Structures are given as structure tokens and as C-alpha cells.
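Among the features that TrEMBL reports, signal peptide is placed at 1-21. Look at TrEMBL and you will find C31-C48 tagged as disulfide bond. What TrEMBL lists as domain 'Cupin type-1' is 62-212. Look at TrEMBL and you will find N107, H112, E117 tagged as oxalate binding site. According to TrEMBL, the feature Mn(2+) binding site maps to H110, H112, E117, H158.
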Amino acid sequence: MGAQFLIVTVLLALASSLAFASDPSPLQDFCVAVDDPKDALFVNGKFCKDPKLATAEDFFLKGLDIAGNTSNKVGSNVTQVNVAQIAGLNTLGISLARIDYAPYGLNPPHTHPRATEILTVLEGTLYVGFVTSNPDNRLITKVLNKGDVFVFPEGLIHFQFNTGYTNAVAIAGLSSQNPGVITIANAVFGSKPPISDDVLAKAFQVDKKVVDYLQAQFWVNN
């Protein structure tokens, strides 16, 4: 009886571990497999430093009190604080960003393919929103004032627009050390090389001249 109980317990433990097993979340756009380890540059993120050699500087960044330059076509600037700026964020699954908005400045519609975002308004008034996935494509919006918080679910298209006459500032927390960002207009009309205007004209149901005009614009990476 004891042996049978042990076997059942082991089988249940194995089944449980398999049930909860899953692939790790990707920390980059793609990770092409290689057969020879010497050809590998990244392992779904970055290599790790010997913990004994870590210093306070590996976990530190200064200057987030400095406003970003918003003198661009969209009137906003995103200052990122992810694993590229703080090496100690590697494997910790978090990052943040400071977002500055000129009057009527816009953080254009974009997505974070690897992170949910939580936004806190520090100054000003923002009109924010996100669009749900197909087939509903429902727009969920809110006007935020100083101290208000709003969440943008992972992967969904979202935006922020400064509706006020003064500058606005927000801090965004993101659930990835490298959340990534895809600005919709940039990706669609500013890809290198360009997407065929036949494809875009049919996708957006417009004349090719409209597509050519949009592809000729200078799109701001934010």
C-alpha cells in the first residue's frame, strides 16, 4: 500500500508540474535558433553578470526629473527606463518611462507587445484610451487629471493626448524589462523597406496617392 501511495504521489506531482509549465515570455522581437552556442548573442534577453561583481550603479539611473524635448511633430517625448538604461533590471520583469507632453501633444497610437502599462498623471490633463481586439474594436477612454491612474492591457493599441493649454507629465510602469513599442503609423507607413502601396491602398481602402503621401512623411519614433 505504501509503495502504491508513493507512485500515485509522484505521478500527481509530475502531472501538476506539466500543467503549470509554459514558455517564458519573449524579451525581444524574435530569437532565431542556432545550433552552435558560439553564434548566440542573446538568450531571450541578456546574459547575467556575476552577482558578486554587482554594484549600486547597476541598479541606478539619474535624471528622470529632467523634462524631455517635445519640439517634434507630435508634441511628446518618452524617456525610457528599461534594461537598456538600468542593467540591474535584467530578469526582474519591470520598467518605466517618463512621458512629457506639450500643449495638445500626443503620444500616438501604439502597442507594447510584451507589457501591460499603468500610467500615473503627475501634471496636466490627458485624454487617454485603448482599443479592444477584433471583432469588437471597442474604444475605452477616460480624461485623466493630476494623480489619476489608468491601465492599458498588454498588446492593445493605446494613446494619450494632452487636452490642456499647459505641459503635462506622466509616469508609466510596464510589466517587462524590455516591453517594446510599435507606433502604428510608423510601422505601417514608415517601414524600411516600405510596404507595397498596393497592399496599403487595399487595406485602408484609399487611393495609392494617399498611401504615397503618407509614406513620404517623417514619422516620429516615440
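Just so you know, glycine gets a Cβ as well, placed from its N, Cα and C.
Note: TrEMBL annotation is automatic and uncurated.
Quantities reported herein were computed from a predicted structural model and do not represent experimental measurements.
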Exercise. Pick the one among the recorded positions C31, C48, N107, E117, H158 whose Cβ has the fewest other Cβ atoms within 10 Å in this structure.
Key: C48
Quiz item: Want to know which recorded positions, from C31, C48, H158, are within 10 Å of H112 (oxalate binding site) at Cα; which are they?
Solution: H158
Practice problem: By Cβ count within 10 Å, point out the most packed of the binding-site residues listed: H110, H112. | Solution: H112
Quiz item: In the same chain, outside N107, H112, E117, whose C-beta lies within 8 angstroms of the Cβ mean position for the oxalate site?
Solution: A97, H110, T111, A115, L119, F152, H158, A172, L174, P179, V181
Quiz item: Where N107 (oxalate binding site) and H158 (Mn(2+) binding site) are concerned, what is their Cα separation in Å, rounded?
Solution: 9
Practice problem: Take the domain 'Cupin type-1' (62-212) and average the pLDDT across it for me. | Solution: 96
Quiz prompt | When distances run from the Cα of C48 (disulfide bond) to each of the binding-site residues H110, E117, H158, the nearest one | solution = E117
Exercise. For the recorded Mn(2+) site, whose residues are H110, H112, E117, H158, find every other residue on that chain with a C-beta no more than 8 angstroms from the centre of their C-beta atoms, and list them by sequence position.
Key: T111, A115, F130, F152, L156, I157, P179, V181
